[in-house]
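Per TrEMBL, the feature transmembrane segment maps to 12-33, 39-56, 77-96, 108-125, 132-148, 154-171, 183-206, 212-230, 242-263, 275-293.
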Amino acid sequence: MSQYEPGRGIALSVGASALFALMSAYTLLLAPLGGLDIFAWRVIWTAPGALALLVVRKRAPQLRALVARMVREPRTALALVASAALLGSQLWVFLWAPLHGRMLEVSLGYFLLPLIMVLVGRFYYHERLEPLQWLAVACAAMGVAHELWATHAFSWPTLLVAFGYPPYFVLRRKIHADSLVTFAVEMLLLVPVAVLEVRAGGSLALLDAHKFLAFVLLPGLGVLSTVALASYLKASRLLPMALFGILGYVEPVLLVIVSVTLLGEHLGMRQLGTYVPIWLAVALTAVHAARLIRFER
């Protein structure tokens with residue numbers, strides 16, 4: 001029996017992309033908090049959300065088993081600390097970049113990431129790509145090349161996003177633990193860092209004057225983040241790495257829709273040169289995904 005479940009994996013990946021796109025608009029409601037404060041509170045509220053999800057899904061025994069394994073096996077503990085650090089760096093840079101005028105560079109990293117994931121799938125996991133997938137990759141590469149040519153935004157934030165996530169996903173597979181349980185442990189490991197940031201950043205005093213933000217909007221961010229990240233990480237285990245990588249272009253497409261319809265941003269000719277090939281890549285991937293689901297049934 002195949003270790004992959006294309007139907008579930010594709011649904012979870014697309015659902016996670018939709019929630020991440022929604023989150024980009026949701027963060028506008030969190031003013032006057034800054035990016036690092038939002039990162040810290042996101043971790044603080046996601047951790048209990050992940051634990052609650054474990055209880056609902058009856059995974060508490062697996063959590064106890066993984067913690068016991070961390071105590072017995074220092075290598076497993078080190079791997080989980082490393083995976084938490086890799087995930088935390090991605091959550092941090094996504095919120096740090098807008099405050100420092102580096103979002104363009106981070107965005108280019110998200111354009112490059114799916115291509116890197118496809119290469120990891122092909123050459124590390126030796127996954128075979130079908131002609132339709134190669135065509136989708138070629139279209140996406142054209143869009144990314146156009147964006148790189150137009151923006152010249154290749155820098156360390158670009159590299160962090162593009163090359164930071166692949167080892168994270170590879171490491172998670174090597175840990176050989178339930179995806180949701182691993183996610184909960186990662187969040188718990190990030191909580192001390194988040195608490196230090198909350199204390200240093202002074203956001204507690206700010207929230208004292210914004211009760212709705214403190215007791216409704218930030219917990220809401222935790223719920224969104226928990227469901228989105230848990231779905232995304234589960235999808236990474238249910239799909240071949242190459243297909244999971246190409247599906248990563250669904251999120252930028254949805255972000256464009258959110259930006260134009262909800263945030264009032266303009267989509268010009270330069271952006272179309274990037275997005276049209278990527279939209280075509282997503283369409284080709286959708287056709288391939290439909291074939292996989294039909295074959296699975």
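Numbers here mean position along the shown chain, with the first residue as 1.
Every residue, even glycine, has its Cβ placed from backbone N, Cα and C.
All TrEMBL annotations are machine predictions without curation.
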Folded-back contacts onto the transmembrane segment (183-206), same chain, C-beta under 8 angstroms, at least six residues removed: 32-34, 36-37, 39-44, 46-47, 50-51, 53-54, 63, 66-67, 70, 80-81, 83-84, 87-88, 229-230, 233
Long-range environment of the transmembrane segment (242-263) - Cβ separation under 8 angstroms, sequence gap at least 6: 6, 9-10, 13-14, 17-18, 20-22, 24-25, 28, 107, 110-111, 113-118, 120-122, 125, 127, 129, 133, 136-137, 140, 169, 235-236, 271, 275, 278-279, 281-282, 285, 288-289, 292
Range from 12-33, 39-56, 77-96, 108-125 with the greatest count of C-beta pairs under 8 A to the transmembrane segment (212-230): 39-56
Contact set, same chain, for the transmembrane segment (154-171): CB under 8 Å, 6 or more residues outside the stretch: 79, 82-83, 86-87, 89-90, 93, 97, 102, 105-106, 108-110, 112-113, 116-117, 120, 124, 148, 236, 241, 244
For the transmembrane segment (12-33), sequence-distant contacts whose Cβ falls under 8 Å of one of its Cβ atoms, 6 or more beyond its ends: 41, 95, 203, 206, 210, 213, 217-218, 220-221, 224-225, 227-229, 231-232, 234-235, 238-239, 244, 247-248, 250-251, 254-255, 257-259, 262-263
The transmembrane segment (77-96) versus listed stretches 39-56, 108-125, 132-148: most Cβ pairs under 8 Å: 39-56
